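Each remark here refers to the structure printed beneath this line.
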Amino acid sequence: MILVLALAAMALLAAAAPLLVRAGWGRNAGYALAAGFAGVAALLGSAVPHVLAGGTVDVSARWLPSLDVDFALRLDGLALLFSMIVLGVGALIMAYCPRYLGPTGRHGAVYGLLTLFAAAMLGLVLAADVVLLFVFWELTTFCSFLLVGLTGGRATRPARRALLVTAAGGLALLVAVVLLTGVTGTTDLAAILADPDRVLDSPLAGPIALLVAFAAFTKSAQVPLHFWLPGAMVAMTPVSAYLHAATMVKAGIYLLMRTSPLFSDLPLWSALLLSVGLTSALVGAFMALRQHDLKAILAHSTVSQLGFLVAAIGVGTGTALAAAMLHTAAHALFKATLFMLVGIIDKETGSRDIRQLSGLWRVMPVTAAVTGLAGLSMAGIPPLLGFVSKEYLFQGLFQADVVPGAGLVAGVLGVTASALTTAYGLRIFFGAFGGVTRQPDLYEPSPAFLAPAVVPALAGLVLGSGINLLNPVVVRAGADVLPDAPMRPFQFWHGLSPEIVMSAVAVSTGLVLFLRRRQVDRLLDRVPLPDGGALFDRAHDGVLAFGRWVGSPDRQEGLAGHLARPLVVIAALGIAGSSALEGLPARNATDAALDWPVVVLVAGAVVGTVVVRSTLAVVALLGMVGLLVSAWFLLAGAPDVALTLLLVEVLTAVVVVLVLRGGPRQLPRVQRRRLLQAGALALACGLAAAAATVALTGRRGSSVAGDWFLRTAEPATGGSNVVNTILVDFRAMDTLGEAVVLGVAALGLLALFGDGPARSRRPAPAARRAASGTDVVLEASGRLIVPGVALLAVVLLWRGHDAPGGGFIAALVSGAAVALSQLAHGRLPRWLRPDVLVGAGLLLALGTGLLGGVLGGAFLAPFDLPLLGAVGVGSALLFDTGVLLMVLGLVVATLDRLGDRPEPVGPVQPPVRSEVAPGPEPRTGADLAVTGRTVSS
């Protein structure tokens, strides 16, 4: 239970952080949050005796039963070590923030995101299910992106770079999780780790190992994916300190340690981690030695130190893994101190450039002493904790045996990287504190500002000689990861050994490099190294440019550019698939005699749309095509489809007329070349559609699913209209989603064209109505027809479960009534609001689903509500009514916004009755109907 309480407490702290800032605490809210972090650490600390005795704390609850995924948490030795790092360093960072942050700024966002970052990392190390681990992994990616981007401006590109790189690792981890689950049959992390042979015996072992390693490399900034981490130093110092010392980069190290039992016997795993880790250790140290910005030096040093950890994990022995765990703790302590001190120096002096800093030890002696302690620990100088961890890292590297001589090579490279570490550690200290004081008016920061940096530095000093204090936790963590490997306690001094000699060589070489720093700087300047960040940015910009080029046709104003490409693809698919027509099963369907007259009429209407130039004639002919196809469906025995298509055609015709009114009465002439191109493309698409129709229809019997629906629909739902029962019972969730999409489209129309009442629903004077073209006969007939059509919609809704009809068809009929009312009266009723219709429909549909969950045990489960005696209302009718309202909302929104024609400018003149005089361009009645003129003879 304490694990759930710990995570819940962190989530509450993240939510409360902005509130504390606004409640008057301001930047001092960090102190309250630091206390909260310490409280959560104490809560987990209550389980330390149990964990050190070899036990674990477990909690599990069903999360995704259909996928057999649990919300499972587990506290063992490794999780305890990382949890204390996350919470301990986090508490120090929170206590550091109040004095670092200015009196004004986005303090709520900083504190909230930092706390959420800590909660995500805590969830990651406690996760006992691989799916849950992935969720927290991605949450750390999201938090780091927001934290780096908080600086704004110049931080945008580095934040995006970090997001893209680490998100790519997240995708790799997702694939690895899926493959692991498929191989092992479980998402339980403990069960997966308990049987590594099951994974290693699978042909997917290599790909899974590569995916896990890639995910860890992106998070832990390993070469060649390291460039995002130095770029992220644009973040404010507390963010950088937490990211480098305890959270983001440590996530990859944790993943490698946790999965080490699965892949430690895989040569690919060991070779990859050793080579990448040692390369990163060298490259990171080399790049750190080239920097002049204190924060940049520390950023590159993190890449180097993480490389040591990755290489040690790759060795796979108990000694190497335990040394990596110890160095993880040491790195968290000295790196947190150094970053916080760099922030103090930056605040006090206004610069982080060692070329502008000098002699600060005279005015800031305490800061200099603390910096020296942390730097000595980083360089591996006794009696600091970094010395002990570095000694055992060297010992572990010597045990590498992936190939003959691997241990010797790893040891030499480790000494080289360690020498560079000593050199840039001295560069940090003497660059800021050595030499002549250039700013004598400076002074020590306040104790409240300095104390959070002093604590981890002193901890590194105490734990170095008092390593026995850490032995139980680290040894327990190693035993939990590799239970069969011998784990020996660490010792501060274990006599003269090769590791002592290696340390002496590394320190002395680093000292020489520092003393010869002028020559070293000149040499480093001559060595060209690729800028990974610049290369990534160029690749990123190139991809965006390519995307703009690919999408350029979609930015054309005409429809032709948008239609050409999909039509070409359809034609190409038809031509390519024509070869598959041979060898198809024989058609078992026969053509009816009435099919051919319909085909001839449809073909004639289609040809007519091609040759006529009158806009109104084209609309009428297209409507005729839809009407004929609807009749064809009716003849084929599909009344539901026929009725739906017919109503859609009616509303489409109304919408097209509303869109085209006031436009040209004749279609514009186009070039013959354009006509030939369009005709060829249309013919190719028509042939492709015809070939697909011949190939895919009438060649098989009814499907298994179709037979099942025919047998089951009425007994299971009480409805005899199989189509409707599928929509509102069996596939109700799909129908709800589609109706919601239509409702969103309606709200989008309102937002696009304004959410106020359109002019088409405002009362219009009689003169204006006359000018708008409403006809008295149409208005009178509309008063009679509209109620009848509305009543028909109610009947279709009521009978939809047993006969052709239903909510969608009833909505289209209601929409036709609304369209007729608008055409007759020139406006819509004021009470007919599309937003209200959509909202009411959505609430009714969701309420029906929730009521089904209460009465039937599942969302949208069928139920019946009694009304009067034997008369009741079923869930299908209620759900269908919700669908009707949402679809009707879209129709009303469309008619309302498209029917909002501009009001005439100036005084409105009443219509003048006159004879139609002959002229050079006589108009037909259809033309006059479009223009809205009234004619009398």
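Here the Cβ of each residue, glycine as well, is placed from N, Cα and C on the backbone.
Database features, via TrEMBL:
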DOMAIN    66-101  domain 'NADH-Ubiquinone oxidoreductase (complex I) chain 5 N-terminal'
TRANSMEM  77-97  transmembrane segment
TRANSMEM  109-128  transmembrane segment
DOMAIN    127-408  domain 'NADH:quinone oxidoreductase/Mrp antiporter transmembrane'
TRANSMEM  134-150  transmembrane segment
TRANSMEM  162-184  transmembrane segment
TRANSMEM  233-256  transmembrane segment
TRANSMEM  268-289  transmembrane segment
TRANSMEM  296-315  transmembrane segment
TRANSMEM  366-388  transmembrane segment
TRANSMEM  490-515  transmembrane segment
DOMAIN    600-664  domain 'MrpA C-terminal/MbhD'
TRANSMEM  616-635  transmembrane segment
TRANSMEM  675-696  transmembrane segment
DOMAIN    676-753  domain 'MrpA C-terminal/MbhE'
TRANSMEM  736-755  transmembrane segment
DOMAIN    778-892  domain 'Na+/H+ antiporter MnhB subunit-related protein'
REGION    902-937  region 'Disordered'
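Predicted-model confidence for the domain 'MrpA C-terminal/MbhE' (676-753) is 82, expressed as mean pLDDT. Here the transmembrane segment (233-256) has Cβ contacts under 8 Å with residues 78, 82, 85-86, 88-90, 93, 96-97, 100-101, 110, 114, 117-118, 121, 124-125, 137, 140, 144, 147-148, 150-151, 154-155, 158, 166, 169, 173, 212-213, 215-222, 273, 293, 295-296, 298-299, 302, 306, 309-310, 313, 324, 328, 331-333, 335-336, 339-340, 342-343, 346 of the same chain, all six or more residues outside its ends. Each residue of the domain 'MrpA C-terminal/MbhD' (600-664) gets a DSSP state, and the totals for helix, strand and coil are 55 helix, 1 strand, 9 coil. For the transmembrane segment (162-184), the partner stretch with the most Cβ pairs below 8 Å, chosen from 134-150, 296-315, 490-515, is 134-150. Non-local neighbours of the transmembrane segment (296-315) in the same chain are 216-217, 220-223, 226, 229-230, 232-233, 240, 244, 249, 252-253, 256-257, 260, 269-274, 276-285, 287-288, 321, 323-324, 327-328, 331, 335, 338-339, 342, 378, 393, 396-397, 399-400, 402, 410, 414, 417, 420-421, 424, 427-428; each lies 6+ residues outside the stretch with a CB under 8 Å from one of its CB atoms.
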